[in-house]
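Worksheet: the structure to be examined is printed underneath.
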Amino acid sequence: MGKGGSLSEGVIKNIIISYTYVAIWIFLSFTVIVYNKYILDKKMYDWPFPISLTMIHMSFCSTLAFLLIKVFKFVEPVSMSRDTYLRSVVPIGALYSLSLWLSNSAYIYLSVSFIQMLKALMPVAVYSIGVLFKKEGFKSETMMNMLSISFGVAIAAYGEARFDVWGVILQLGAVAFEATRLVMIQILLTSKGITLNPITSLYYVAPCCLAFLFIPWIVVEFPILRDTSSFHFDYLIFGTNSFCAFALNLAVFLLVGKTSALTMNVAGVVKDWLLIAFSWSVIKDTVTPINLFGYGIAFLGVAYYNHAKLQALKAKEAQKTAQQVDEETGRLLEEREGNEGGRKNEPED
């Protein structure tokens, strides 16, 4: 087979590997969401203790992250001073613990499908908080896009058959804390040149989350668990659930650099629609036409936002490349002029 054939085989192999990783990420993300719903929902496994579940996840993930970094040397550790940890990682850990606590709590009150629809507000929250902290520039066009997403989610909420005010407050709170966490990562870590992949993030952030969650757990859930004599810790259920949560982070780590931002965004959309379909067909949650119409509007707004962000990123990369080419051209011209000037100054025989 010729050189062209070998190249084609290599390209095909890379495509297969990339989309295999994407499929694994979709599967694990889907599994974690449905599994958490199964454990927390009072009509299913009936263990409505979201703080405890989150603490189990954090304990499991921090232990495995420690083993991968310190024992098996699978991931390179990131050097970090105590001052940097306290000033940068601890606030992010606090926000992450609140986001996980509230998002897991929402599964007790809301359907999986409706939660996915509410999560469409994430770009709105990230953009708004980014503008507030001056990490994003205010643009009328982008704000109109954000309003269209919000309008779509409002329609979806209006058509929700199992609308629960407390559940919606919890999920919106989770979105707000998660969006703030993402902006804080830019301010407290990225701006300082600190880059954490999902595994090193768990290594540094998970123990911090565990410490923050311990305070509300002692007050809210521990007294109830202590008095519930009928409960026995199911190692199979909680072990496999925690393993899926960690595997999801590992899948994200493996996926970094294998696909484009557009591919990841499309994968996220596919996952959301699959969850809505699963929630309707298997869990038997009610999904109304108004739900779908509203989410459709929000989905188009999110798709346009992702497309605009990707185009801006491409334009920035193209400008950076052009600048590098201009600098290289200027350097070569200077060298050429210098060489010519040197030859002119040489004495003739």
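Glycine is no exception: its Cβ is also placed from the backbone N, Cα and C atoms.
Taken from Swiss-Prot, the feature compositional bias 'Basic and acidic residues' covers 328-349.
Annotation source Swiss-Prot lists domain 'EamA' at 38-156.
According to Swiss-Prot, the region 'Disordered' annotation covers 321-349.
For 15-35 (among others), the entry in Swiss-Prot reads transmembrane segment.
Annotation comment: Swiss-Prot describes 49-69 (among others) as transmembrane segment.
Residues annotated as transmembrane segment in Swiss-Prot: 89-109 (among others). Sequence-distant contacts of the transmembrane segment (89-109) (same chain, six or more residues past either end, CB-CB distance under 8 Å): 36-37, 40-42, 48, 50-51, 53-54, 57-58, 80, 115, 164, 166-167, 170-171, 173-174, 177-178, 180-181, 184-185, 188-189, 204-205, 208-209, 211-213, 216.
If you look up Swiss-Prot, you'll see 113-133 (among others) marked as transmembrane segment.
For the transmembrane segment (141-161), the residues of the chain that approach it from at least six positions outside its boundaries are 111, 114, 117-118, 120-121, 123-124, 127-128, 168, 286, 288-302, 304-305, 308, judged by C-beta separation under 8 angstroms. Look at Swiss-Prot and you will find 141-161 (among others) tagged as transmembrane segment.
When Cβ-Cβ distances below 8 Å are used as the criterion, the transmembrane segment (165-185) is approached by residues 91-92, 95-96, 98-103, 105-106, 108-110, 115, 118-119, 121-122, 125-126, 128-130, 133, 135, 157 of the same chain, each at least six residues removed from its ends. Taken from Swiss-Prot, the feature transmembrane segment applies to 165-185 (among others), supported by sequence analysis.
Annotated transmembrane segment per Swiss-Prot: 205-225 (among others), in sequence order.
If you look up Swiss-Prot, you'll see 236-256 (among others) marked as transmembrane segment, on the strength of sequence analysis. Listed as Cβ neighbours of the transmembrane segment (236-256) (distance under 8 Å, sequence separation of 6 or more from its ends, same chain) are residues 21-22, 24-25, 28-29, 31-32, 35-36, 39, 45, 53, 56-57, 59-61, 64-65, 75, 197-199, 201-202, 264.
What Swiss-Prot lists as transmembrane segment is 263-283 (among others), and the listing cites sequence analysis.
The transmembrane segment annotation in Swiss-Prot covers 286-306 (among others).
Here the transmembrane segment (205-225) lies next to the transmembrane segment (49-69) in space: the count of CB pairs under 8 Å, restricted to residues six or more apart, reaches at least 3. Long-range contacts of the transmembrane segment (113-133) within the same chain: residues 103, 106-107, 142-143, 146, 149-150, 152-153, 156-157, 160, 162-163, 168, 171-172, 175-176, 178-180, 182-183, 186-187, 272, 275-276, 279-280, 285, 287, 291, 294-295, 298-299, 301-302, 305-306, each at least 6 residues beyond the stretch ends and with a Cβ under 8 Å from a Cβ of the stretch. At the 8 Å Cβ cutoff, the transmembrane segment (15-35) and the transmembrane segment (286-306) share fewer than 3 close pairs (sequence separation 6 or more) and do not count as touching.
Within the chain, the transmembrane segment (286-306) has long-range Cβ neighbours (under 8 A, six or more residues past its boundaries) at 111, 113-114, 117, 120-121, 123, 127, 142, 145-146, 148-162, 261-262, 265, 269, 272, 276, 279-280.
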